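These features come from TrEMBL:
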type	residues	note
TRANSMEM	A:16-44	transmembrane segment
TRANSMEM	A:67-93	transmembrane segment
DOMAIN	A:67-255	domain 'ABC transmembrane type-1'
TRANSMEM	A:105-129	transmembrane segment
TRANSMEM	A:135-158	transmembrane segment
TRANSMEM	A:179-204	transmembrane segment
TRANSMEM	A:236-255	transmembrane segment
């Protein structure tokens with residue numbers, strides 16, 4: 001009796017999970033099919049097939065410029081965020097100083113302050129100070145937004161670090177700075193890389209705050225894409241989305257294979 | 001803790017400067033919100049409280065109600081969809097199934113709001129996937145209007161917030177000792193009963209964390225309500241953008257943002273207070 005019930009319960013559970021996965025995948029499948037459409041008006045299913053939208057996606061000037069601007073912003077923002085985050089994480093984790101909690105609280109606050117508020121604030125600040133809206137503004141904005149995530153991943157790697165190695169170095173006469181530079185930082189490298197990658201992906205995709213702080217010259221790819229949807233209805237954006245999805249999924253599959261995504265994201269069962 | 005070496009201030013300095021910049025930017029929002037708007041100019045006038053009085057006009061008040069209602073619906077439906085996935089992710093013993101669920105569930109997290117919203121436009125449009133499919137199997141003969149409706153926006157927002165909810169729920173579930181559920185089973189509880197009386201209560205902290213995050217994300221979502229709502233579904237985020245960039249009324253945009261922040265804060269702390277008795281169930 002119980003056994004048949006359990007079996008049906010198992011089937012029901014599996015069907016439910018499969019349906020939910022289908023819901024998650026649905027837009028991706030639909031966007032992939034649409035990107036090969038031959039007509040310039042989106043119909044579903046497409047009336048014919050072509051690759052012309054892929055060609056347009058990689059040759060359209062605003063997308064090319066947005067891609068380069070995005071690379072500049074992402075490279076600077078994620079690297080600086082890792083430097084700022086690492087020094088702060090070491091200081092917070094190992095030492096006491098004044099206003100420690102206040103500082104940490106402010107830097108984690110972008111997790112709960114809407115991105116449009118942060119973008120608006122920075123935009124009004126540079127307007128009031130009469131500074132132009134250039135790359136520094138966009139980069140600073142992205143640093144602020146990715147820093148909470150970087151800090152979180154660095155705390156984890158600092159906590160897992162064997163403190164006795166640091167103590168051994170110190171007891172052998174290494175100065176505290178030398179301990180940090182030759183022991184702590186090298187041991188943190190996997191965490192640093194993970195934090196950097198996470199920051200880079202988030203920064204490259206950031207949209208809402210970027211919409212406020214970028215100009216025509218500094219607009220990143222998501223902003224260029226948003227402006228495109230508002231002007232055109234052809235499947236170029238579907239083609240670009242497919243390229244995006246392919247690159248992201250490849251990166252994640254590789255990360256899963258070599259780093260163990262479950263472990264990185266902390267969702268593996270504890271026992 | 002060891003004695004503080006001389007380099008510590010230098011290690012704190014870069015982050016202190018970053019925090020200072022962010023604080024000044026937020027104070028600027030606060031300062032603009034109490035300034036008068038000079039039409040057609042980026043400069044602002046003298047101090048005034050009229051921006052906050054204008055918030056009670058029905059257009060803006062409706063944007064507040066819309067945002068709160070969207071956030072509640074998204075968090076609720078998001079939870080119903082994410083929990084089974086997180087549960088399967090943690091409980092499955094098959095390695096490839098775990099990886100498959102994980103990759104499918106979290107890839108959207110890294111795609112950005114614009115790509116995901118655009119995909120939903122193709123799904124929900126009048127000649128999009130859903131309507132073509134429903135007409136194709138003969139369930140309907142006229143397209144159902146999904147674009148520019150609240151239903152469409154909620155569907156897309158649930159999809160946008162699901163990955164982070166799955167991750168947070170799975171983290172919570174993975175830290176529950178399976179021995180508890182085994183103990184319940186060995187004492188004669190069926191799978192449903194052991195889930196309802198053991199696993200579910202123990203996962204409440206994860207549920208609360210994920211619902212809070214979904215709520216905050218929806219509150220600040222812009223591309224989805226803007227593109228799928230198409231002006232028919234106005235939220236605080238779309239209003240702030242419109243005021244800032246169409247009418248250059250930055251003082252009022254600032255007041256709206258401040259009111260939004262206060263509202264988020266009040267709702268989240270009310271939620272935290274309401275769920276405090278439940279939190280204790282989870283802390284075993």
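Placed from the backbone N, Cα and C atoms, the Cβ positions cover glycine too.
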Among the recorded stretches A:16-44, A:67-93, A:105-129, A:179-204, A:236-255, which has the greatest number of Cβ pairs closer than 8 Å to the transmembrane segment (A:135-158)? A:67-93
Using Cβ atoms only, state whether the transmembrane segment (A:67-93) and the transmembrane segment (A:179-204) have three or more pairs under 8 Å that are 6 or more apart in sequence. yes
Answer with yes or no whether the transmembrane segment (A:236-255) touches the transmembrane segment (A:16-44) by the criterion of at least three Cβ pairs under 8 A, sequence separation 6 or more. yes
